[in-house]
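Peer 1: One structure follows; several queries about it will come next.
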Amino acid sequence: MSWKVVIIFSLLITPQHGLKESYLEESCSTITEGYLSVLRTGWYTNVFTLEVGDVENLTCSDGPSLIKTELDLTKSALRELKTVSADQLAREEQIENPRQSRFVLGAIALGVATAAAVTAGVAIAKTIRLESEVTAIKNALKTTNEAVSTLGNGVRVLATAVRELKDFVSKNLTRAINKNKCDIDDLKMAVSFSQFNRRFLNVVRQFSDNAGITPAISLDLMTDAELARAVSNMPTSAGQIKLMLENRAMVRRKGFGILIGVYGSSVIYMVQLPIFGVIDTPCWIVKAAPSCSGKKGNYACLLREDQGWYCQNAGSTVYYPNEKDCETRGDHVFCDTAAGINVAEQSKECNINISTTNYPCKVSTGRHPISMVALSPLGALVACYKGVSCSIGSNRVGIIKQLNKGCSYITNQDADTVTIDNTVYQLSKVEGEQHVIKGRPVSSSFDPIKFPEDQFNVALDQVFENIENSQALVDQSNRILSSAEKGNTGFIIVIILIAVLGSSMILVSIFIIIKKTKKPTGAPPELSGVTNNGFIPHS
């Protein structure tokens, strides 16, 4: 009873880390803080020898029976696994070739294991396949079912022998078949064979279905008791071991298995378990949706591109851009350090005032609004724009209200669901504090008509700079055009003046010519012949 009191007391004195989510109105994003890290820092290798027994020399020639069916399954599985092993060796050669590894790994269901982790695991598997290493592991397991063995390259591995099927075959099945052949009336014997054979057949199926590399650690590859012993042997602190034992399902999901090969009547494979060497440092997650401002049918849209998980590790801030690199269990976040990127401490400024920070906060821009929902740990961001119907609802009463166009933040206390057209999103029921940080949407700082074409993952200050440069070019073009128009006006005036002067000169010339050729009205008519001097004009 005393140990229960101790546990209850420890729970009472342990500080509770509540979650706090802030909605940043300026950038249509949320930051959720209060998580604690569980970061993978290494791998722990466990080598299994699953011993089948001398089934190849057992034969059933006395007709169909349950024993014969199970025996045929076992022999067929061994042959299949040998084929898988041969194919896997060829595939691993490609994995170690940098030019081909990404294509080969893309065809394997890696689950949450990274390509780098699998490549490292394959290197260890190649070492274990050496005849001297296989012999050393078998020798270490001659008198025990579990032993720590050191490979030739100095890597220490935990070796585990699984002998239940072999013991049943040698001590029970072989004796019964030799005595009564396969037509055994004892149904219990057939059922026992099936039970002992189940783990072996499931291991074969998993390696066969996944090309020799499993995406996680099943109970057949490693029982719960075997997992607990392996975790307890890990070179890490008691607190970290305790946390991993409490989250064995996560350890299984983050691990993977690699087939070593078939050696006689033994199947050898290795299991890579994650070592979570960093725990309880602060972590937070950033989520975002498009923020758009419209004008006369044109839009200026921005979306934060620094979304993902962030964790403190050894004084640095590690960013996990792929949300799948981290998984939560309660307020703990399990992440793979190999997938993280170190970023400056100033990156947090993007969560305060994205438009005035000196840090290059990354965004994507566009001129076409996209309606979407981004679920956050304590609510949802809803980007609702033209031509789309958006609403929030309750599981009990249905739709509560329609949402306005633009970016909205819905807490999981305000609603149970968010609906965009015919798609319904269920909000989480995680408890925590929610806050709204008011601010003018940064997208409204831009003129939608002059907003540039789509840009991906650029610094926000670069967007401002590009628009300023574009505006400067527009202003310069206007000045040049204005000057050209003024020059053209003067040129036209000169042409008109020249034309007027030219026309005037022509008219004057014509007038002079006409003037000269014109005679007075009273002059005598010009006559041909002799002049009459006696003619006296009237006065």
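Each residue, glycine too, has its Cβ placed from N, Cα and C.
Here's the feature list from Swiss-Prot:
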| type | residues | note |
| --- | --- | --- |
| COMPBIAS | 529-539 | compositional bias 'Polar residues' |
| DISULFID | Cys283-Cys311 | disulfide bond |
| DISULFID | Cys292-Cys301 | disulfide bond |
| DISULFID | Cys326-Cys335 | disulfide bond |
| DISULFID | Cys350-Cys361 | disulfide bond |
| DISULFID | Cys384-Cys390 | disulfide bond |
| CARBOHYD | Asn57 | N-linked glycosylation site |
| CARBOHYD | Asn172 | N-linked glycosylation site |
| CARBOHYD | Asn353 | N-linked glycosylation site |
| REGION | 103-127 | region 'Fusion peptide' |
| REGION | 520-539 | region 'Disordered' |
| SIGNAL | 1-18 | signal peptide |
| TRANSMEM | 492-512 | transmembrane segment |
Peer 1: Given the recorded positions Asn57, Cys283, Cys326, which lie close to Cys350 (disulfide bond), meaning Cα to Cα within 10 A?
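Peer 2: Hits: none.
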Peer 1: Using Cα coordinates, what distance in whole Å links Cys301 (disulfide bond) and Cys384 (disulfide bond)?
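Peer 2: Checking the Cα atoms of Cys301 (disulfide bond) and Cys384 (disulfide bond) gives a distance of 12 Å.
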Peer 1: Output, ordered by sequence, the same-chain residues six or more apart from Cys390 (disulfide bond) with a CB under 8 Å from its CB, or 'none'.
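Peer 2: Correct list: Ser371, Val382, Cys384, Gln402, Leu403, Ser408, Val418, Thr419, Ile420.
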Peer 1: Which one is it: of the recorded positions Cys283, Cys292, Cys311, Asn353, whose Cα lies the shortest distance from the Cα of Cys361 (disulfide bond)?
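Peer 2: Checking each of Cys283, Cys292, Cys311, Asn353 against Cys361 (disulfide bond), the shortest Cα distance is to Asn353.
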Peer 1: Of the recorded positions Asn57, Cys283, Cys292, Asn353, which sits closest to Cys326 (disulfide bond) by Cα distance?
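Peer 2: Looking at Cα distances from Cys326 (disulfide bond), the smallest one goes to Cys283.
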Peer 1: Compare the Cα of Cys311 (disulfide bond) against each of the recorded positions Asn57, Cys292, Asn353 and report the nearest.
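Peer 2: That would be Asn353, nearest by Cα distance.
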Peer 1: Could you say whether, by DSSP, Cys350 (disulfide bond) belongs to a helix, a strand or a coil region?
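Peer 2: SS state of Cys350 (disulfide bond) = helix.
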Peer 1: Out of Asn57, Cys283, Cys292, Cys335, the recorded positions in the record, which is closest to Asn353 (N-linked glycosylation site) when you go by Cα distance?
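Peer 2: Nearest in space to Asn353 (N-linked glycosylation site), counting only the recorded positions, is Cys292.
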Peer 1: Compare the Cα of Asn172 (N-linked glycosylation site) against each of the recorded positions Asn57, Cys283, Cys292, Cys335 and report the nearest.
Peer 2: Asn57
Peer 1: Output the one of Cys292, Cys326 that, of all these disulfide-bonded residues, has the highest number of other Cβ atoms within 10 Å of its Cβ.
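Peer 2: Max Cβ neighbours within 10 Å, all protein chains included: Cys292.
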Peer 1: Of the disulfide-bonded residues Cys283, Cys292, Cys335, which sits closest to Asn57 (N-linked glycosylation site) by Cα distance?
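Peer 2: Ranked by Cα distance from Asn57 (N-linked glycosylation site), first place goes to Cys335.
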Peer 1: Give the residue from the glycosylation sites Asn57, Asn353 that has the most other Cβ atoms within 10 Å of its Cβ, counting over every protein chain displayed.
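Peer 2: When each Cβ's neighbours within 10 Å are tallied, Asn353 leads.
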Peer 1: Counting across all protein chains shown, how many other Cβ atoms sit within 10 Å of the Cβ of Cys361 (disulfide bond)?
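Peer 2: A 10 Å sphere around the Cβ of Cys361 (disulfide bond) contains 22 other Cβ atoms.
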